[in-house]
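Presented below is the structure to which this report refers.
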Amino acid sequence: MRFKKGTKVEVLTKSSVPSGAWRSAEIITGNGHYYTVMYDSEGTTERVPRKSMRPEPPPPPFQVLHSWAPGDLVEVLESCSWKIAIVSNVLENDCVLVRLLGSSLTLRANKSDIRVRQSWQDNEWIMVGQGTSRLSAQTSTGKLRRKLNLKCVSSE
């Protein structure tokens with residue numbers, strides 16, 4: 001996929017956690033193979049390969065905005081990056097405890113800083129399942145693609 005100047009994207013960085021993190025950025029220039037992006041959080045620029053980028057994900061469907069449950073696989077906004085995490089506990093006041101995947105670090109996050117895990121595959125967004133329940137994965141166009149059954153095991 002080629003990106004145009006001004007397109008909002010996310011750039012994969014592997015420096016903060018083993019599973020990687022996605023940082024919001026905007027395309028400044030590019031040739032189809034490498035792009036110069038400006039990160040939203042700091043205003044810094046970097047030249048990155050196309051394979052390390054994906055378009056900015058769409059907002060989640062309304063039905064996914066319900067309460068989270070222990071074991072749900074999510075992305076949490078931490079240090080200006082979206083990181084994969086597992087919900088450990090749901091607290092009062094719209095707060096959730098999550099454990100970063102590949103780490104023993106537990107974070108307290110507001111529900112507004114948590115989103116459904118989505119994967120960019122074959123030029124479309126696929127929602128990744130929640131907890132041990134069966135969840136129909138839907139594309140950004142709302143079409144049913146496949147069913148996923150993910151089990152998340154807590155180390156507690």
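Each residue, glycine too, has its Cβ placed from N, Cα and C.
Annotated features, as they stand in TrEMBL:
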DOMAIN    1-61  domain 'Agenet'
DOMAIN    66-122  domain 'Agenet'
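For the domain 'Agenet' (66-122), the DSSP counts in helix, strand and coil order read 3 helix, 34 strand, 20 coil. Across the range of the domain 'Agenet' (1-61), the DSSP-based residue counts are 3 helix, 30 strand, 28 coil.
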